[in-house]
Structures are given as structure tokens and as C-alpha cells.
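Per TrEMBL, the features are as follows:
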| type | residues | note |
| --- | --- | --- |
| TRANSMEM | 12-33 | transmembrane segment |
| TRANSMEM | 87-108 | transmembrane segment |
| TRANSMEM | 120-138 | transmembrane segment |
| TRANSMEM | 150-171 | transmembrane segment |
| TRANSMEM | 178-196 | transmembrane segment |
| TRANSMEM | 202-222 | transmembrane segment |
| TRANSMEM | 269-290 | transmembrane segment |
| TRANSMEM | 310-331 | transmembrane segment |
| TRANSMEM | 343-360 | transmembrane segment |
Amino acid sequence: MKLSYLKSSSFLIILVISIIILFVCSSLKHILFQSTAWDLAIFDQAIYLISQGKIPISSFLKIHILGDHAALIFYPLSLFYKLYPSVYWLLLIQAFALSLGALPVYYLSQYHGLNKSKSLTMSLVYLLYPLIFNINLFDFHPDVIAVPSILWSILAAYSHNLGLFILAIIITLSCKSVLSLTIIFIGLWLFCFAKKQRLGSIAIGLGISWFIISTRFIIPIFSDNTSNISRHLERFNYLGNSFFEIAQNLIFKPWLFFQGLFNLPNLEYLLLLLIPVIWGLSSHYFTPLIPAIPTLAMNLLSQNALQKDLLHQYSLPIIPFLMVAVIMTVAAKKSWFQQNKYIITWSLICFLALAKYGYFTSRYLESLDTWKATNEAITQISTKGNVLTSTYIAPHLSQRPIIKLAENGAESFDVNEFDYILLNQRHLGRESSPELIETIKETVGQNANFNLTYNKDDIYLFSQKIKQ
């Protein structure tokens, strides 16, 4: 296939504009102290520690970062931190990865016979899908890198490019262990429906191998396996308290699964997921959606409401397969719309209705009254010493071995283990309370090892005297 789209100035302009918009938006949110410890500070701390040659033990998860999702991608990402340690690398990489998905979408469109104009329209449909914009605002997640890599793996399968196919699968698997299920189902789709048995077998083999390696070896070795699994299984506890019990109930109590699948929240979730591309879906071209089954099933069965919206990372692996199904439907002239102007208009309407750009004039400005004071306090933290702070300030101070959150339960901490304690009494942060902040203030204020080194606009910075 000819890479003719690389000569398209319109495409390149759109790609660059997308990267800039996404990066500026996520950076502005971070600057406004709206990023959170879960998950930006978690990943920033881990990647920083890797770049410094230290063991990436997460202060938040209390485990090695590989014990979370076996995300090996953090190690190559740490090379950027070796150049200059900055959390903005992660925001830029995220903006680039999400925008880059438009490239294989364009190429896949051409593969299926769409002209340049229609291929460009398909890329715009992808970029205007609300989750692309919304997930860019939700801190950073390695899952975003899997979106373009999955699309490239599909493109490589169609074009019989074995090297690119394997590379794209490896990148996808390195983002998160659970994506091994997606890769397995990509293999099943290629083997059974796309008539690409060789590539399908490779995908199935790689997916199964990584699933076993990551869940049986990497995650147990680098974490307290019991507590880590329980953290995720609690979303499905109505189905059982272990993988074995869930599998057992699938056979002997199947009604539990039907009750979990067929309910109003799931109907709402499916509408949100499909409405931006409903015009381009046809039952004749549903087979590309087969690899989306594991992700969709987990989201539908989960009791966690965060898995049923267009704000969080849980639906990201579905996007590539939705785009392939839409492209095939449009190529077969089975879509509701064929003219580009109608397709783009629908996508724009859905974007305007579902994208959360409005947060910049509402919730992202809630702590603006303490913005200056918070920045001034942060500049007085001059070492990589241990920090206790709120969930919204943590991503600005996470490049250190120890940082913990002033949230419920923090009253039991030994304050002497911290070199700095930074509190925002006006904007408490998640899972906190005025009583907790007041308790911490009183405890530290009565401790002879600490001085109050900054106090303005309800921002309090306590520093250990030896660190002043």
C-alpha cells in the first residue's frame, strides 16, 4: 500500500492541531491543580524512580509498579525522564498517542477502498469521538498508547506485515496485562473470520503467553497478590469472591450474569459508547467488534460506575474496533450517511454534547482562589524529602521516593516520617474532611520537630526543622 496520506497537508495539519489541543488542555488542567494522585502521581513517581535507577515502589499502591498491571511500557517511557524529569512528558505522550491513532484509521480507510476525502473524514470521526478528548483530561494512563498500537496491529494484519503486527502486539501487551485478553480475541477474529490463520495463531499465542506470565509470575512477584487481586475483584463480588467462584457461578448460577448485564446503567453506557458512531454501524460488519468483547463484558458486568462512562480509560480498547466496523460499513455504502458533511456534523454534535470541555469554565476553576498560594508553598519544598499532601497537589510533588495523601486514615500516620506536610484547608481533596485536616494541623503544630514555614489563603506548609 502506498502511504499517500503522508503527502496530505490537510491531514498533517489536523494531526498537529489535535496534538496541540490535547496537550494544552491536559497541561492547563494540571496547572490548575485538577490532576489527581490516582493516577497521574502514581505513574509520575514510578517512571521518575525508574529513570533514577531506583526501585519503583509506589507510595500510593504500596507495591512495585509492575505489581499493579505488569505495564512494562513504563521502562521505555522513563528514557524521556532521563532527558529531563517532568510530568509534562506523560501529558505530551498521551496527546501524541491519542492523536496518532488517526494515522492507522486513515490508512485502514484507504485499504478498504475509501478515497482520500472520505479517509480524512474517518480520521476526524476518530479524533472527535468524545472519549479521546475526555480521557486526555483524566491524568495519564498507559492504556492510551494501546489505542494506536491496536489500530496498527489491525492494519498490519490486513497488509500482511508480520514485523509490524508483532511489534504492535508487543507494545499493546506492555501497556496493561488485561489487554492480553483483547489480543487473544484479535487472534480469534483473524483466525475464524478474517481468514488470516497464521497471524491469528500468533496473536492468540502471544496473548495467552503474556496473560500467564503477567498474572502468574510478574504481578504475584511484585505485589501482595491477594490484596491486589481483591482490589479489582471487588467490582464483581456479586458474581463471586475469587476467579474460581466466578467461573463456578457462570455454570451453576448464570442468572447472576444476566442480572449484571441487563440493567439500566448498562443501557445508558451502551448508548454513550455507540451514539457517536451509530450512523456507521451495520450488523453485516459486526465481526471486527469481536476483539472488543473482553473489555465490553468487564465494563458491563462491573459494579464500578467509572467503567460505564466516556470519561475514564476502561472503554479505550473498544475504540479501534468500533472504527474498523464503521470503516467497513461506510466502504460498503451501508451507513446512514455517505456525505462527509453529514458524518462530520454528527460527530461534532456528539462531541459538543459529550466532551467535557465545559469543565474549564466550571469545576477546573474551583481552587483558583488558592492557586497562587499553593504554587508559592510548593516552591519552598526544596528537597526530595518525604511529603504528605492532598490528592490534587500530589502530582506536582510526586517525583520523590515517598509521598502520601492527607486522606481518611492519614490521622494514624507518624508525622515524623515526613519532611514536608502541605495542606489546603479550603479545598481538601478527595476522601478527606475538614476534621482530618484540622487533626493533622494540630498534631504537626504540637510537634517540636516542625515549623509552620508557609501560611496563606488556607494553605499550610509544615517543614521539619532540619530541612529548613
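Every residue gets a Cβ built from N, Cα and C, even glycine.
TrEMBL entries are annotated by machine, without manual review.
Within the same chain, residues 69, 143, 146, 150, 153-154, 157, 169, 172, 202-208, 210-211, 214, 287-288, 290-295, 298, 317 sit at least 6 positions outside the transmembrane segment (178-196) and bring their C-beta atoms closer than 8 Å to a C-beta of that stretch. For the transmembrane segment (269-290), the partner stretch with the highest count of Cβ pairs under 8 angstroms, out of 87-108, 150-171, 343-360, is 343-360.
120-138 is the stretch from 87-108, 120-138, 202-222, 343-360 with the greatest number of Cβ pairs below 8 Å to the transmembrane segment (310-331). With a threshold of 8 Å between CB atoms, the same-chain residues lying at least 6 positions outside the transmembrane segment (202-222) that come near it are 63-70, 153, 162, 165-166, 169-170, 173, 177, 180-188, 190-191, 228.
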